[in-house]
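Database features (TrEMBL):
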- A:12-34: transmembrane segment (TRANSMEM)
- A:55-74: transmembrane segment (TRANSMEM)
- A:80-105: transmembrane segment (TRANSMEM)
- A:117-142: transmembrane segment (TRANSMEM)
- A:162-182: transmembrane segment (TRANSMEM)
- A:202-220: transmembrane segment (TRANSMEM)
- A:232-253: transmembrane segment (TRANSMEM)
- A:260-279: transmembrane segment (TRANSMEM)
- A:299-323: transmembrane segment (TRANSMEM)
Amino acid sequence: MTLEILGITVLWTFLFGYVIVGSIDYGAGFFNAYSIMTKKEHVLSNIIQRYLSPVWEVTNVFFVFFFVGVVGFFPQTAYYFGTIFLIPGSIALLLLAVRGSYYAFETYVSRGHKGYAFMYGLSGLLIPASLSIVLTISEGGFVHIEDGNPVLDYWALFTSPLSWSIVVLSIVAVLYISAVFLTWYANKTGDRDATELMRKYALFWAGPLIITAGGIIYELRFHNPAHYEQLLGLWWMFALSFILWLATVWFLWKRTNYAAAVWLLVGQFAFAFYGYGISHFPYLLYPVLTVHEGFTNKAMAISLVIVFILGLALLIPSLYLLLKLFLFDKTYLKGKNKKE
Amino acid sequence: MLLEDPVFASRFLTLLTLSFHIIYATIGVGVPLMIMIAQWIGIRKNDEHYILMARRWARGFVVTVAVGVVTGTAIGLQLSLLWPRFMELAGQIIALPLFMEVFAFFFEAIFLGIYLYTWDRFEDQRKHLLLLIPVALGAGMSAFFITVVNSFMNTPHGFDIVDGQLTNANPILAMFNPAMPTKVAHVLATAYMTVAFMLAAIAAFKLLKGSGHVYHKKALNMTMKIGLIFAIAAAIIGDFSGKFLAVYQPEKLAAAEWHFETEEGAPLLLYGLLGDDNEVKGALKIPYALSILAFGHPMSEVIGLEEFPEEETPPLAVHYFFDLMVTIGVFMIFLALVYWIGTRWNWEFVKAKWYRWLIVLGGPLSFLAIEAGWWMAEVGRQPWILRGIMTVEEAATTSDYVGLMSILFVVLYIVLGIGTIVVLRRLFKNNPVEKELANAKGGDKA
Ligand code: HDD
Ligand code: HEM
Ligand code: HEM
């Protein structure tokens, strides 16, 4: 494996991690706000808070890791994407800022404050939407070079069915991923009402998810035929993804084995996400920037990889400790405290 | 409008975001150490007041961390959005510490999450305290790594530029550039100092508002002592920073000192106003002091601004920032020293109202010194973004709309700033120390 492939694989994996943990996080915030609005907070708020409180900062670091890593491994992306991504990027930052701080304000100080909960619930839902625009832009067709500088064609972006489908997919995916996860989590905490409610939401969003995902593949055919051809070459990955989706829904429907449902869901998204990523290869920004030309020098690449390995050696045990203490700890899950 | 120029607007937005982030970042670096000290003393002396101090500080800390994290994320992404050319070049050589910083954040975030929710989970309090070490370490490391990046911008190092292309990159050498030691040390020392004085200000304020509780007196005594130690450290390291500048960035020092002509035995100018034709009015002149600050010897030669082409001289306004920083630094040392001696020798006036008001003032002043220091350091690097290699103008984005985005961010920071204050006030008002001590036993809220 060459260093650039290693680099992009690591980054893509962290992005995948962010998509999953971020979706759970943002979706949970939305469901929390929604349940307050519909006066069902007694059912949901408790489990959502219990899960979210200790982990939200960790979620954010996944995102920071991704964009810092991209600039490290592929410095030219800073130039191309930095120049064209100003407006969507700034909007995403505003939303992230509102989301993170109001989440903290509500959770740590003003429990149940409706305005705060509403603010972070809604902003959380829009973050994936605004960030997903990067994926659209990277498909090419929206950027031209003017006086040697890349310029984004906002009108084309705004009127493209592809960009809107990607936005819709990102929102639906957030709600679906989060609902499936919280079904399992609620079940684990032994909260029957919350489990039932989350299960209902999960089943509700399963259909729209697969429809929008299919729609995107269809639109890509017109927008970027070369990419579409490569996607077809990887048809088996998407087929597997579809089968895993079916299995997840089946488990939810049958009310059995929610843990398996979560793992199947992760698998479903992994196949789709990597399938998409591999078919996009080698372009970072179609057709002007590839993984090979955009790559950093060898010394930097090697040191980044070394730091990455050392970093993981530090992180994995710590993350394990976090999960052990909160996500999988029986007394914590049930809302009690114990002495150790 | 000025904001229509992408270069100016990018500078404005960077200034804004960094000046806002640095407030929360400083708190983020300093508070974990203070919590650690308080909790340690509490366990050692078996004194519930100190434990409660640690708890209350930790509770407020989560709020500021949240805003610190989101504004930090903003500046991290904005570096690419506003300075794409710079990040493209610098990414090839200084991405390493940025990348390491992310791991420090990870580490800090994970253990902070654990620490906050495990107050009553351990029979042995010392185990709980152990969880705080990675938090304080992670925060200190983030400050370390980001300051390394900034020192690289001041003294780029560890690569060659051949035909506009960067070659022979050595990321390790780039990290250990000449500006790094003084800069990192000064930033860390001032962060600890500022946070200690901030907590002292809060304690003094409570005492002024009529709470005579010994809890606040203990807090005040402890934080003033810690503040004093770090304030002295800050001044000593600041002196080294001056010596560093004299060798590696003489134009910054000369601009900060309005030192126009190269001369031996140079005097130090304090305060004053700059008139037309760079004529200095009303400044205090301390003979030989600049030579001493620069090289530690009264007769040594200090390079003046005349040796630099006009378009490479930094704005002379940095003088005011420098004076502000040093004045506050000296004032705080004095204030804390008198307090310390005064409490030992039972001088009455250190308990007087006016003295406590001065301590209250010291909190915001310390933050002002941090801001002034950064403004001096960053504006004093102008016109360079990477000294000697790339100017701000070359680095800035070519995208329009930076001005519009700047306005949005102004609104955002106002909302976040007010939000923090409102929320912190509510947090502590609803939960005064007296009440908490009364029902201290039981309850598991972090
Ligand atoms: C509480 C804050 C605070 C206080 C009291 C001081 N400083 Fe400072 N100073 C900073 C906060 C700061 C800072 C914000 O941390 C800076 C900005 C950039 C940096 O490296 O640190 C800084 C930079 C800075 C620089 C520029 C370094 C560079 O650009 O590379 C010098 C020469 C000094 N300081 C010198 C001093 C002296 C002689 C002080 C005497 C008391 C002093 N500082 C007190
Ligand atoms: C990774 C480290 C840093 C980078 C990459 C960086 C980058 C920049 C850039 C690109 C500018 C614009 C140049 C200018 O307008 O003068 C700037 C200015 C500035 N930076 Fe830094 N900076 C770093 C660290 C810091 C830190 C830690 C602070 C502390 C708050 C800071 C404070 C400022 C300020 C106040 C300005 C405005 C100066 C001006 O308007 O002229 N910088 N910085
Ligand atoms: C250009 C300058 C800077 C950049 C790009 C930057 C970047 C960031 C980012 C991305 C985060 C969020 C991390 C997360 O998701 O957890 C953050 C938070 C933080 N930053 Fe900054 N930062 C800068 C300046 C500084 C400085 C000068 C300091 C310290 C002196 C500092 C200390 C911290 C700390 C301690 C946090 C953790 C949040 C907290 O505890 O409040 N940063 N920064």
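Every residue number used here counts from 1 along the chain in the order it is shown.
From the backbone N, Cα and C atoms, a Cβ is placed for every residue, glycine too.
A Cβ distance under 8 Å defines the sequence-distant neighbours of the transmembrane segment (A:162-182), meaning residues of its chain 6+ beyond its ends; these are 19-20, 22-28, 30-31, 47-48, 51, 125, 128-129, 131-133, 135-136, 139, 142, 194, 198-199, 201-202, 204-206, 208-209, 212-213, 215-216, 219-220, 223, 248, 252, 261-262, 265, 269. Between the transmembrane segment (A:12-34) and the listed ranges A:55-74, A:80-105, A:117-142, A:232-253, A:299-323, the one holding the most Cβ pairs under 8 Å is A:117-142. For the transmembrane segment (A:80-105), the residues of the chain that approach it from at least six positions outside its boundaries are 26, 29, 52, 56, 60, 63, 113, 116, 119-120, 123-124, 126-127, 130-131, 133-134, 137, 143, 149-152, 154, 284-285, 288-289, judged by C-beta separation under 8 angstroms.
For the transmembrane segment (A:55-74), the residues of the chain that approach it from at least six positions outside its boundaries are 4, 7-8, 10-11, 14-15, 17-18, 21-22, 25, 96, 100, 103, 284, 291, 294-296, 300-301, 304, 319, 322, 326, judged by C-beta separation under 8 angstroms. Highlighted: of the candidate stretches A:117-142, A:232-253, A:260-279, A:299-323, A:232-253 has the greatest count of Cβ pairs under 8 Å to the transmembrane segment (A:202-220). Panel annotation: around the transmembrane segment (A:260-279), residues 12, 16, 19-20, 173, 177, 180-181, 183-184, 213, 227, 230-231, 233-234, 237-238, 240-242, 244-245, 247-248, 251-252 of the same chain, lying at least six beyond its termini, place a Cβ under 8 Å from a Cβ of the stretch.
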